[in-house]
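As given in Swiss-Prot:
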- 1-16: signal peptide (SIGNAL)
- Cys20-Cys26: disulfide bond (DISULFID)
- Cys107-Cys118: disulfide bond (DISULFID)
- Asp193: active site, charge relay system (ACT_SITE)
- Glu204, Arg207, Asp209, Asp212: Ca(2+) binding site (BINDING)
- Cys254-Cys278: disulfide bond (DISULFID)
- His280: active site, charge relay system (ACT_SITE)
- Cys302-Cys313: disulfide bond (DISULFID)
- Cys316-Cys321: disulfide bond (DISULFID)
- 355-465: domain 'PLAT' (DOMAIN)
- Cys449-Cys465: disulfide bond (DISULFID)
Amino acid sequence: MLMLWTFAVLLGAVAGKEVCFDKLGCFSDDAPWSGTIDRPLKALPWSPAQINTRFLLYTNENQDNYQKITSDASSIRNSNFKTNRKTRIIIHGFIDKGEENWLSDMCKNMFKVESVNCICVDWKGGSRATYTQATQNVRVVGAEVALLVNVLKSDLGHPPDNVHLIGHSLGSHVAGEAGKRTFGAIGRITGLDAAEPYFQGTPEEVRLDPTDAQFVDAIHTDAAPIIPNLGFGMSQTVGHLDFFPNGGMEMPGCQKNILSQIVDIDGIWEGTRDFAACNHLRSYKYYTDSIVNPTGFSGFSCSSYNVFSANKCFPCGSEGCPQMGHYADKYPGKTKELYQKFYLNTGDKSNFARWRYQVTVTLSGQKVTGHILVSLFGNGGNSKQYEVFKGSLHPGDTHVKEFDSDMDVGDLQKVKFIWYNNVINPTLPKVGASRISVERNDGRVFNFCSQDTVREDVLLTLSAC
């Protein structure tokens, strides 16, 4: 540690360098951009010509083939860009490129629910560098995005508050830089697992923070430390609303990372992206899925994921629950505080949306050892069976369990109860549920009753009391 401090001090003592670019301004390698404990290596960003940032416009009229636009107003006027629509600008991260399928797939989901100008930013000329260099190139790309936003306002009358920047990884900090350069006038910035190395713990002027837009929300999916866990995302809160799905570190469906001993951040990405970065990539997959599942990513205000998992943060508060992803800006209390933390669980496959329920079961019948399961039936569909309790089943006992259904069942109409013995029981005992209450995350409770008991592996249907 002493050597690192000495190294940083010596770097900071060296006279800083500066580069200037037309319309974008000047960029220095002085602190806090370089020569600090968090950013020990001094570097200047590459030129706009070398980075070659491109803006790829998709609209409802051209969903499959982009139109290339620039910050020149004439190119925008000659495109399908509509000033009466919201503009969402998607910015990729390290090693990535603007023509990856995930960006256009996100646009296509938007077209299913809204009329929108969807611009994918391609800055692969600057992202496919060493990581330390790419973190400096972020500044130039952010300046170019800010220039585009300013031209939309000055030349086309399209206000910044109708612009939404969505950045993944380093792209989150590109969005933050653009927000700073437009003095927080941009309507919304969404950070999708904002990159940790060279940003965590740095001053706000270096990274994404809540002052960069009128509303900033963030999704954290790879928040374990970079060393030794190889977590690429920030654990630090950066927005008005910060969501930590599945606790924010290990996402369902992602294998444990066997490359966790690699510590050279300039070499960890190439060739390992799809495997090593599974948690990191989940953030944009969740966002894409949230667009077509407007109620499937409810976040619960909680002090920690452990407390959330202990069923102590249900149901939603008086203002409801914010939705992680596309509809986070619909939450009434979105900007009442900074760094509000929310937790939720997701699925492990392509359909990531989940709906949380609390089930309370009061048992009847005989005393046995076994486990009980419940399935929900509503006007929106039927859930699969979920285990509520396993152990000694006593008549009159009440068991409570929260679970995350892959189906929004809507208004509950009935429930089905089933139980199984843990051991062979020749007496063929009968067990039932005299009452089952189901609470949704909005606080509405549905009550169901039955006087019947059943043998194991026999369904018991309970109707509304």
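Using N, Cα and C of the backbone, Cβ positions are placed for all residues, glycine too.
Listed recorded positions: Asp193, Glu204, Asp212. The one with the lowest count of other Cβ atoms within 10 Å of its Cβ is Glu204. Within 10 Å of its Cβ, the residue among the disulfide-bonded residues Cys313, Cys316, Cys321 with the fewest other Cβ atoms is Cys316. In the three-state DSSP scheme, Cys449 (disulfide bond) falls into the strand class. The record gives Glu204, Arg207, Asp209, Asp212 for Ca(2+). Within 8 Å of the mean position of their Cβ atoms, the other Cβ atoms in that chain belong to Gly176, Gly179, Lys180, Glu205, Val206, Leu208, Pro210, Thr211, Val238.
For Arg207 (Ca(2+) binding site), the same-chain residues lying six or more positions away in sequence with a CB closer than 8 A to its CB are His173, Gly176, Ala194, Phe199, Gln200, Met234, Val238. His280 (active site, charge relay system) carries a helical DSSP state (H, G or I). Taking H, G and I as helix, E and B as strand and the rest as coil, DSSP gives the domain 'PLAT' (355-465) the counts 0 helix, 71 strand, 40 coil.
Rounded to the nearest whole angstrom, the C-alpha distance between Cys254 (disulfide bond) and Cys20 (disulfide bond) is 43. Counted over every protein chain shown, other Cβ atoms within 10 Å are most numerous around Asp209 among the recorded positions Asp209, Cys254.
Counting only same-chain residues six or more apart in sequence, the Cβ atoms lying under 8 angstroms from the Cβ of Cys278 (disulfide bond) belong to Met251, Gly253, Cys254, Gln255. Residue with the densest Cβ environment among the disulfide-bonded residues Cys26, Cys118, Cys449: Cys118, by other Cβ atoms within 10 Å.
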